[in-house]
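Asker: What follows is a structure written as structure tokens; I'll ask about it next.
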Amino acid sequence: MDKFVVRGGNPLLGTIKVSGAKNSALPCMAAAILTEDEVILENIPQVNDIETERKLLTSMGAEVELGYGRAQHRTRIKCAILSDPVAKYEIVKTMRASSLVLGPLIARTGIARVAMPGGCAIGGRPIDLHINGLEAMGATITQDHGYLEARADRLKGAHIVFDKITVTGTEDLLMAATLAEGESVFENCAREPEVTDLAALLIAMGAKIEGAGTGTIRIQGVSKLHGARHRINPDRIEAGTFLIAGAITGGDLNVDCCEPKHLGALITKLEQCGVKIDVGTDHVRVRSGGELKAADITTEEYPGFPTDMQAQYMALATQAEGTSTVIENIFENRFMHVQELIRMGANITISGRTATVRGKTPLQSAAVMCSDLRASASLVLAALVADGETILDRVYHLDRGYEHFEEKLRGVGAQIRRMGDVFGRK
Ligand code: UD1
């Protein structure tokens, strides 16, 4: 298993580029299932979850070319024939987003067999809302041996009010509704930019969708979708992680090729912490404004503070003067980075969904273990300011979602290198 070796102490200086959003790319790749034509996606990040999705689609009979036409970040997908509409456990066990193929598969082929998802171990993470929605659209769903099987001759449009806001649930049902008979109206939808990105692709494919990015989405089902070309949004979580990297190291970092409009809650919070921020059209510059000050966060659905930035923010809070309260509202059990930060010298206590961070505490290097994707990023951020050399184990979690993370950070002055396993295991 690969490890990172990070020596702390360098302020990050210069320009760092943001890749395409993994969480937009995954549903957009799944959307290609809805048509027998070719779908070309630009700005696909080179991360392991994308490779998993490629394997998943290929195993069903699709043609998927990552790096199409010699463009590293272009992907061509053609689902002319889906001979095996099954998402196998061996492929999906590492990636919860596999549930995203459920809606498009049943809409296109009338049958879907999908292994119950794995992915980050942050709470129970059920998919009941996907299932309830598809049932409301007329699908029959059964469960056996860890697989869900969904069947329907043709899905029917439905009025669905989500009990709880779910990002991939909204995306899954949105895809299903594009080919359903009649109108669907979804309420209490996720408003995340990734939903809007997916809707833009679906509209380019011929879908009739109104209201994506708001709480209510209306879809008029059509009988067929066609091919399209679409560019994936910049990754707001990667951009946010770099903003914190600049802030925590007291550097001067220009985070380029991002969409500042998607970073509002984080930028506001960083300003409260005393960080200087300059916002451009497609870049954000972050600079030290002297000592960092404590500020509280509560994670919420978009446009609130993203749960996917909570762990990274907590690393920053350890370096801020005063007490910061961090409330995690979206997932239970998303504080697995806390024990590792404490081992590095942080003063953090947890009570239920609330973590209290008392700063500023000097951090020391240690051997630490990555437990999930964003927790890994949090530990790298902490290591960038720790005294000495931190060794991070299990960076395969990070490789699921950050493209060339250590190379990008090295390019702006971080001392970080990857150490391979002697047996070559990932
Ligand atoms: C997506 C993101 C993930 C992010 C999360 C919240 C992708 C691939 N992943 O995950 O990075 O952390 O949004 O912004 O886009 N829930 C149910 N039943 C369901 C579905 C969800 O109870 O059927 C609950 C979950 O347990 C959680 C909450 O709803 O408490 C939100 O989860 P959801 O928005 O679905 O997260 P994901 O779409 O899996």
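From the backbone N, Cα and C atoms, a Cβ is placed for every residue, glycine too.
What TrEMBL shows for this protein is this:
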- C120: active site, proton donor (ACT_SITE)
- K22, N23: phosphoenolpyruvate binding site (BINDING)
- R96, R125, P126, I127, D128, L129, D308, I330: UDP-N-acetyl-alpha-D-glucosamine binding site (BINDING)
- 6-409: domain 'Enolpyruvate transferase' (DOMAIN)
- C120: 2-(S-cysteinyl)pyruvic acid O-phosphothioketal (MOD_RES)
Asker: Please determine which of the binding-site residues listed here (K22, R96) has the lowest count of neighbouring CB atoms within 10 Å.
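Answerer: Output over binding-site residues K22, R96: least Cβ neighbours within 10 Å is R96.
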Asker: Helix, strand or coil: which one is I330 (UDP-N-acetyl-alpha-D-glucosamine binding site) in, per DSSP?
Answerer: coil
Asker: Expressed to the nearest Å, what is the distance separating D308 (UDP-N-acetyl-alpha-D-glucosamine binding site) and K22 (phosphoenolpyruvate binding site) at their Cα atoms?
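Answerer: Between the alpha carbons of D308 (UDP-N-acetyl-alpha-D-glucosamine binding site) and K22 (phosphoenolpyruvate binding site) there are 12 Å.
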Asker: Applying a 10 Å Cβ distance cut-off over all chains shown, what neighbour count does L129 (UDP-N-acetyl-alpha-D-glucosamine binding site) have?
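Answerer: Result for L129 (UDP-N-acetyl-alpha-D-glucosamine binding site): 19 other Cβ atoms within 10 Å.
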Asker: Taking every protein chain in this structure into account, which of the binding-site residues D128, D308 has the most other Cβ atoms within 10 Å of its Cβ?
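Answerer: Answer returned by the neighbour count: D308.
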Asker: What is the Cβ neighbour count of I330 (UDP-N-acetyl-alpha-D-glucosamine binding site) at a 10 Å cut-off, with all protein chains included?
Answerer: 21
Asker: For a quick check of understanding: among the binding-site residues N23, P126, which residue's Cβ has the most other Cβ atoms within 10 Å?
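Answerer: Answer returned by the neighbour count: N23.
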Asker: Measure the Cβ-based neighbour count of I127 (UDP-N-acetyl-alpha-D-glucosamine binding site), defined as the other Cβ atoms within 10 Å of its Cβ.
Answerer: 19
Asker: Does DSSP put P126 (UDP-N-acetyl-alpha-D-glucosamine binding site) in a helix, in a strand, or in coil?
Answerer: coil
Asker: Just the number: how many Å between the Cα atoms of K22 (phosphoenolpyruvate binding site) and I330 (UDP-N-acetyl-alpha-D-glucosamine binding site)?
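Answerer: Roughly 19 Å, rounded to the nearest whole number.
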Asker: Please state whether DSSP places K22 (phosphoenolpyruvate binding site) in a helix, a strand or coil.
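Answerer: Reduced to three states, the DSSP call for K22 (phosphoenolpyruvate binding site) is helix.
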